[in-house]
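Trainee: Swiss-Prot feature annotations, pasted as is:
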type     : residues         : note
BINDING  : H164, H166, D177 : Zn(2+) binding site
COMPBIAS : 319-341          : compositional bias 'Polar residues'
DOMAIN   : 71-218           : domain 'MPN'
REGION   : 319-343          : region 'Disordered'
REGION   : 375-399          : region 'Disordered'
MOTIF    : 164-177          : motif 'JAMM motif'
Amino acid sequence: MSLSNKTVKELRQLLKERYTVEDELTESIALSSMRFKPSQEPEFHALSQSSLLKTKLKQQSSTDIPSYTHVLISKLSCEKITHYAVRGGNIEIMGILMGFTLKDNIVVMDCFNLPVVGTETRVNAQLESYEYMVQYIDEMYNHNDGGDGRDYKGAKLNVVGWFHSHPGYDCWLSNIDIQTQDLNQRFQDPYVAIVVDPLKSLEDKILRMGAFRTIESKSDDNSATSYYELETIIFDSELNRALFETKLNLHCVIEDDESEQISLNRLIDSMKQYSYLMDSKNVRTRIKLATTSERVSNENKKNIDYQNRSTRSQFCLNTQRGDSTETSSFGSMFSGDNTSDVDMEDRNLTEFDSTDTSLCINGEPSIHVNRVERSSRSTDNFHNSKKRMNSNQERCHDEGNDMLQRNVLETDYARAKNRILASKIKQYERLRFYKDTFTL
C-alpha cells in the first residue's frame with residue numbers, strides 16, 4: 001500500500017475506514033471535546049470577561065449581605081478543574097477558587113490545586129497545604145509590591161471558594177463537606193464550594209459540575225445546616241473566542257510510544273504462540289502416526305498367529321477324524337457277523353472291549369480350543385474397535401482446540417498489526433499535513 005501519492009484527506013479517510021480503534025476516553029480527548037452547559041438566561045448571553053471586570057470596577061461597596069444565587073466561572077477555570085480532577089483519577093483532589101463578587105453573583109476567574117492527601121472518598125488539607133496556599137496567593141495575585149502579579153484590569157482577585165472532586169458518585173456535599181463549607185462561610189464569606197465528577201464527565205463528555213453554599217435552617221429546638229445549589233454559568237474571554245474562530249481545526253494526537261511498543265510486543269507474542277502451536281501439532285501428528293503404525297503391525301501379527309492357530313486346529317481335527325475312521329474299521333473285524341470263523345461268545349474281554357472310545361476323548365479338546373480362539377478373536381476385535389473410536393474422538397477434540405487457539409491468535413495478531421499500522425499512518429498523516437501547510 002503506497003501512501004506517498006495520497007493526500008491528507010485520503011489518509012484521514014483511510015484511518016477512519018480501516019484502522020479505527022475504539023479506545024477508552026483519555027485525558028486529552030476529555031479536555032478537547034468537553035461540552036459546557038450554555039446559559040439559559042437571556043441577560044447572560046453576552047457575558048464576557050471584560051464586561052464582568054468593567055462592572056466590578058463600577059460597583060460601589062454595599063453593607064447589605066447579598067443572597068448569592070449564581071456562580072459565574074471562566075472557561076479557563078473549568079478546564080483547570082477538569083484537568084486536575086481527571087489527572088487525579090479515582091482519588092479526590094482539592095483546590096482554591098480565585099475571583100470576586102458582583103451583586104448576587106460569585107465570579108470565579110482562576111483557580112489552582114493544593115498538595116493534599118486524598119483517598120477515593122475523602123480529601124484532607126494539612127498544615128503544609130495552607131502554607132502553600134498563602135505563598136502561592138502572595139506570589140501570583142499580590143499587587144501591593146508591584147511584582148509580577150496576574151493583572152485582571154485592576155480588579156483584585158481574592159479567595160472566593162474551594163473545589164474538590166467526587167470520582168464516580170456525582171456532585172453533592174457530604175456531611176464533612178457541609179461542615180467545611182459552613183465553617184468557611186462563617187469566617188471568610190463570600191465562599192462557594194464547587195464539586196466536579198471527572199469519571200461521569202469523561203463518560204458523558206459533558207462537564208458534570210455543581211456549585212453549593214450552606215444555609216442554616218432554624219427550628220424550635222435545634223438548628224441544622226443544609227445546603228443549596230447555585231446556578232453555574234460559564235463565560236469566556238474575547239481573546240479566546242477570536243482565537244477559537246481563527247485557529248486551525250486540527251486534533252493533535254498525543255503520541256504514545258509505550259502504546260506502540262505494547263502493540264509490537266503483543267504482535268511478537270502472537271507470532272511465537274502460533275509457531276509453538278504448529279510445532280506441538282506436528283509433534284502430536286508424528287506420535288499418532290508412529291502409534292498407529294505400531295498398532296497396525298501388532299494387529300497383523302495377531303491375524304497371522306490366529307491364522308496359524310486355525311490351520312493347526314483344522315489339521316488336528318482332520319487327523320483325529322482319520323484315526324476315528326480307522327478305529328471303526330478295525331472294530332468291525334471283531335463284530336458278531338455270522339460269516340466270521342471266530343467264536344465271540346467265549347472270548348475274554350481284552351483291550352479292544354473298552355467302553356471308552358478314543359474319538360470322543362481326542363475330539364472334545366480340539367473343539368473347545370477352537371471356540372476359545374474364536375471368543376478371544378471377537379474380544380480383540382471389540383477392543384480394537386473401541387480404541388479406534390476413542391482415538392477418533394481424541395483427534396476431533398484436539399483439532400477443535402487447535403482451531404480455536406489458532407483463531408484467537410490470528411485475531412490478536414490482526415488487531416496488533418492494525419494498531420501498529422494505524423499509529424504509523426497517523427504519524428505520516430501529521431507530517432504530510434505540516435509539509436502541505438507550511439511549504440511555500
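Cβ atoms are placed via backbone N, Cα and C, with glycine included.
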Trainee: For the binding-site residues H164, H166, which one has the sparsest Cβ surroundings, going by other Cβ atoms within 10 Å?
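Mentor: Ranked by other Cβ atoms within 10 Å, the binding-site residues H164, H166 bottom out at H166.
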Trainee: Within the domain 'MPN' (71-218), what mean pLDDT does the predicted structure show?
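Mentor: On average, pLDDT over the domain 'MPN' (71-218) sits at 80.
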Trainee: DSSP on H164 (Zn(2+) binding site), three-state: which is it?
Mentor: strand
Trainee: Can you count helix, strand and coil residues in the domain 'MPN' (71-218) using DSSP?
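Mentor: So the counts come to 49 helix, 50 strand, 49 coil.
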Trainee: My understanding is the cutoff is Cβ-Cβ under 8 Å with a sequence separation of 6 or more in the same chain; which residues meet that for D177 (Zn(2+) binding site)?
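Mentor: When sequence neighbours closer than 6 are ignored, D177 (Zn(2+) binding site) has H164, A193, V195 within Cβ distance under 8 Å.
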